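S.K.: The domain 'Fumarylacetoacetase N-terminal' annotation in TrEMBL covers A:15-102. Summarising the annotation, TrEMBL assigns domain 'Fumarylacetoacetase-like C-terminal' to A:110-383. As annotated by TrEMBL, Ca(2+) binding site applies to A:Asp110, A:Glu183, A:Glu185, A:Asp217. Taken from TrEMBL, the feature substrate binding site covers A:Tyr112, A:Arg126, A:Gln224, A:Tyr228, A:Thr329. As annotated by TrEMBL, active site, proton acceptor applies to A:His117. What TrEMBL records for A:Asp217, A:Lys237, A:Thr241 is Mg(2+) binding site. Here TrEMBL flags A:373-396 as region 'Disordered'.
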Protein chains: 2
Amino acid sequence: MSWLDLPAGTGFGPENLPFGVFSTPGTAPRTGVAIGDSVLDLAAATADPVHATGSLNAFMAQGPQAWAALRQQLTRWFTDQRHRGSVEPHLMPRADVTMHLPVEVADYVDFYSSETHAANLGRMFRPDSEPLTPNWKHLPIGYHGRAGTVQVSGTPVVRPAGQRRAPTDEAPTFGPSQRLDIEAEVGFVVGTPSALGTRVPVEDFADHVFGVCLVNDWSARDLQAWEYVPLGPFLGKSFLTSVSPWVVPLAALESARVAPPARDPQPLPYLDDGAHPWGLDITLEVRLNGELISCPPFRELYWTAAQQLAHMTVNGASLRTGDLFASGTVSGPARDQRGSFIELSWGGKEPLPLADGSTRTFLQDGDVVSISATAPGPDGTRISFGEVTGRVEPTP
Amino acid sequence: MSWLDLPAGTGFGPENLPFGVFSTPGTAPRTGVAIGDSVLDLAAATADPVHATGSLNAFMAQGPQAWAALRQQLTRWFTDQRHRGSVEPHLMPRADVTMHLPVEVADYVDFYSSETHAANLGRMFRPDSEPLTPNWKHLPIGYHGRAGTVQVSGTPVVRPAGQRRAPTDEAPTFGPSQRLDIEAEVGFVVGTPSALGTRVPVEDFADHVFGVCLVNDWSARDLQAWEYVPLGPFLGKSFLTSVSPWVVPLAALESARVAPPARDPQPLPYLDDGAHPWGLDITLEVRLNGELISCPPFRELYWTAAQQLAHMTVNGASLRTGDLFASGTVSGPARDQRGSFIELSWGGKEPLPLADGSTRTFLQDGDVVSISATAPGPDGTRISFGEVTGRVEPTP
């Protein structure tokens, strides 16, 4: 289908075409498109300055017609032999480039839309109450995170220090987090803004969302547990959120759309997605130091990203180009589908056995966590999201 | 002291010199400095392009030495008759200019540092628990708000719609908020960024914070009450946060510094501010449709902004130029010192009597709320913060 010699089973075929921001030694960051093991220098290939700004924001702000037109052009370039001569000079090995944060993040919102995850955390954080709070099945619960600490995959994870109080302690103590954790999530990037005082209904989702990336919402569970009542997580999360360098266009995920789970009770009309199902059959893989430890199933999430967007704006809050909203930890019902160590080790009480015979509860200094994901593409192809990775470094 | 003919008792004398962004019909927004009833066109007067960018961020990023140097120059200009000829042509009446959002807001954090306010809200939201949560006196509780909906004073307050569930309701209903409220706060604007993985100790506060403004954190109490467990306020706050157009330099508040309240228990060492007391004697005034209804005393806040900044970064979270962090609602112990209607009307149960014989619990469409503030300046002068105002409009 393509004149390119693509690796067998690549998730970066011409049906994917994810966008990122890259540089080579001595050059400025600019927009690229991943194809096979290569990256196309879009700034050079198109000579369009919108792709030379060092983030995807300017192009994302052009809106869905511009996104579709460029995608069509890229497909032509990569599948029609006649374009080979003009396109090939702008390809370079992905192994040779440095990837940067793809998006200048405006606001970052983190949702909490996996029923399994929310119930697991409820059991651990609030053992004397119902696992799900009374509002959980009525609205996609979410909160704002720190946009300034959203960083690209590969950024070191400096173990945060802070206050924590063990149940046996009278007063809090200060020191490095002893319960450093991950949250395996999927993130959605807003391209088209909306006006203050207006709403974005479920059916307008694809007019506003440009693409999808992977998110690791690093979490210090001991800091979080002590601080989060009554205003929510703050320092337990704000030290770092990592995102994958490649943003997969929403248009590449048409073949991955599935019906979301049935909801009971029926959500309020503004959250009714019956005619616009945006379940997505994305399977995540979580690796600790190279060992596969979990495969969280995104398709089982109770609330879809389209519902999250409708909820986030139903009060008239505006969207900006570069807004990032994440799904919340993706966890399935099986143990090897859990998207965080607090769930994998059940609050540290059931250490996770590893292939080398050791066990793990929470992250140790030096640990490397990588989250990757794939989804079905058209005609039996596979769409890869690449990966988001980070290595834990000791508190300075 | 100044060659200008300043109005008697102006809070905008040469000891204040707050920065804002203004325009006149047909001109681009640029930086100005308020002096008396005038604004100095700083872009024109200095011919420095940093003041022609349409926000204070570029100048704020230059750091405390640049801030001090410009402040010294402005003081010279306004107090030395010899500069009159060159400065006066760049003055225009403040009444003739349009003010814009002064800062491109990076991250917005809202704290919760008035003990009276936190205890009042605790009594109303969690009547079966202690008013203050166990963590409250150990750390300045805060959360991230929506930076994209921080708007300049005067922006209409469109009543948000959303989910709410009255105690008597089985299921939530959808509609315009019936408990629209204000929060009278003081905001701190970060100029100097910090690196990821490092901390900003209490003593470095003035190296990072450029100035101070007023904040009205509009709040929909019914939406908030239904949504906020377990991840904190979201749609109940994200529809709008208003800020005053003038940012008072921290350097103008030296005479306003006071000792903060005694803390018991003693905070952890990273929050010890004994050698760096940043209590500020700012008195707020809240007006409803022109009538003074409350005078919240900022000096009584339990946690200072210097402690808030140290806490916010103790986990290694970085700062960006344009970060805004607000104090949380300022409430004093007397009824006429409360900074929100939920407190002034005690959850709606004790309607607030107004001068025209009517009463108010929460805001009605058409209501105008203005918050202003002053602090003592040097030599018996007064520093004004101007005001932040907004008029409530019906849900569309």
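Cβ atoms here come from the backbone N, Cα and C positions, even for glycine.
Curation plays no part in TrEMBL annotations; they are all automatic predictions.
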S.K.: A:Gln224, A:Thr241, A:Thr329: which of these binding-site residues has the sparsest Cβ neighbourhood within 10 Å?
M.R.: A:Gln224
S.K.: Can you name the recorded positions among A:Tyr112, A:His117, A:Tyr228, A:Thr241, A:Thr329 whose Cβ is less than 8 Å from some Cβ in chain B?
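M.R.: Correct list, in sequence order: A:Tyr112, A:Tyr228.
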S.K.: Between A:Asp217 (Ca(2+) binding site) and A:Gln224 (substrate binding site), what C-alpha distance do you get in Å?
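M.R.: Cα of A:Asp217 (Ca(2+) binding site) to Cα of A:Gln224 (substrate binding site) measures 13 Å after rounding.
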S.K.: Starting from the Cβ centroid of A:Asp217, A:Lys237, A:Thr241, which together make up the recorded Mg(2+) site, report each further residue of the same chain whose Cβ lies within 8 Å of that point, ordered by sequence.
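M.R.: Neighbours found: A:Asp110, A:Gly145, A:Arg146, A:Thr149, A:Glu183, A:Val215, A:Asn216, A:Trp218, A:Ser219, A:Ser238, A:Leu240, A:Ala326.
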S.K.: Rounded to a whole number, how many Å is the Cα of A:Glu183 (Ca(2+) binding site) away from the Cα of A:Thr329 (substrate binding site)?
M.R.: 5
S.K.: Taking helix as H, G and I and strand as E and B in DSSP, count the residues of the domain 'Fumarylacetoacetase N-terminal' (A:15-102) in helix, strand and coil.
M.R.: 42 helix, 21 strand, 25 coil
S.K.: Can you tell me the CA-to-CA distance separating A:Gln224 (substrate binding site) and A:His117 (active site, proton acceptor), as a whole number of Å?
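M.R.: On Cα coordinates alone, these residues lie 16 Å apart.
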S.K.: For a quick check of packing: other C-beta atoms within 10 Å of the C-beta of A:Asp217 (Ca(2+) binding site), how many?
M.R.: 26
S.K.: Summarise the region 'Disordered' (A:373-396) as counts of helix, strand and coil residues per DSSP.
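M.R.: Looking at the region 'Disordered' (A:373-396) with DSSP, the answer is 3 helix, 16 strand, 5 coil.
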S.K.: Which of the three DSSP-derived classes (helix, strand, coil) applies to A:Tyr228 (substrate binding site)?
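M.R.: Where A:Tyr228 (substrate binding site) sits, the three-state DSSP reduction gives coil.
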S.K.: Restricting the comparison to the binding-site residues A:Glu185, A:Lys237, A:Thr241, which residue's C-alpha is spatially nearest the C-alpha of A:Tyr112 (substrate binding site)?
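M.R.: Its closest listed neighbour, by Cα, is A:Glu185.
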S.K.: Validating a neighbour-count step here. Other CB atoms within 10 A of the CB of A:Lys237 (Mg(2+) binding site): how many?
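M.R.: Within a 10 Å radius of the Cβ of A:Lys237 (Mg(2+) binding site) lie 27 other Cβ atoms.
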S.K.: What Cα-Cα separation, expressed in whole Å, is found between A:His117 (active site, proton acceptor) and A:Arg126 (substrate binding site)?
M.R.: 13
